[in-house]
Amino acid sequence: MEGFLFVLLVLFLYSSMVYSREILFDEGYSRLFGGDNLIVSKDGKTAQILLDKSTGAGFLSQDLFLHGFFSASIKLPADYTAGVVVAFYMSNGDIFEKNHDELDFEFLGNIRGKEWRVQTNVYGNGSTNVGREERFDLWFDPSEDFHAYSILWTEDQIVFYIDNVPIREMKREGMGTHYPSKPMSLYATIWDGSDWATSGGRFKVNYKYAPFVAQFSDLVLDGCTVDPIQQLSSCEDHSRPFHLPMPEISPELRSAMRKIRTKHMAYSYCYDRERYSKPLPECVIDPRNSKRLAGSKAVKSSAHRRHAKRRSQIPTGHPADSLAL
């Protein structure tokens, strides 16, 4: 009965959200790599990225953004997908190589009969030596239908959503200089992560099941674009008003988030005492998770998802901190 009531709560919250405008692929995205392994539907509403023996594929936003709401409905490859990594993430690593920022959703492949897992991560100002991974067992099969995965990034708060229900919240107050603060692009990629992704690399990609296809629809890029020449944010241009669809987490949503984190979170850096003897400043410890997550291990990516570089859009010689925001 409790599970049924939780489903009803999620459906109610989902139906009551304020939505951002969905865009067509060519309105906001460009091809990153993969050639014919990136397929855009004729109506421009859906994009497919494929992994086969020859290559993976990916696309990225045409603009850089400083804050906003970014979302896509994703349907993951079906059947045996061990080692296949599908990533939906924001990054500026090709521009700020030594002090980049990043916000990640990573789907880490799957073995038949096992629960799918998604990993989230946050890097800011090049803090890659400080891992902030959290991993969740999904409570549905993400290969059967589309589900919405979203990132809300503001000056003071980062929230990860699944089907418009928050699963993770990060605040600038606790992270300090590690909080992502420079313009980022949005990426979607599929690639071979055999050496680390599924059960720490024990299960590899089996190309007998290729091609592995990830589908993206309901594309949303609702953010403050950064003019690469004037270095101004569109949020400073009052003729282009910007509206964040979910600026606050309501009590109902916060309750739903607690339930997801208590029941479905499989790892959090905040509870990893082998890694951090003392929780990092931004961690909010829930006693219900302390014992349950004790001994769980981190899964770290051994390779970046970017297989092609985009030309830097921020002129060198002008640090990001000088952006007029």
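Each residue, glycine too, has its Cβ placed from N, Cα and C.
As recorded in TrEMBL:
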- Glu102: active site, nucleophile (ACT_SITE)
- Glu106: active site, nucleophile (ACT_SITE)
- 302-312: compositional bias 'Basic residues' (COMPBIAS)
- 12-216: domain 'GH16' (DOMAIN)
- 294-325: region 'Disordered' (REGION)
- 1-20: signal peptide (SIGNAL)
(request) According to DSSP, folded down to helix, strand and coil, what is Glu106 (active site, nucleophile)? (result) strand
(request) Enumerate same-chain residues with a sequence separation of six or more from Glu102 (active site, nucleophile) and a Cβ-Cβ distance below 8 A; give 'none' if the list is empty. (result) Tyr89, Met90, Ser91, Asn92, Gly93, Asn121, Val122, Tyr123, Pro180, Met184
(request) Provide the number of Cβ atoms within 10 Å of the Cβ of Glu106 (active site, nucleophile), excluding the reference atom itself. (result) 23
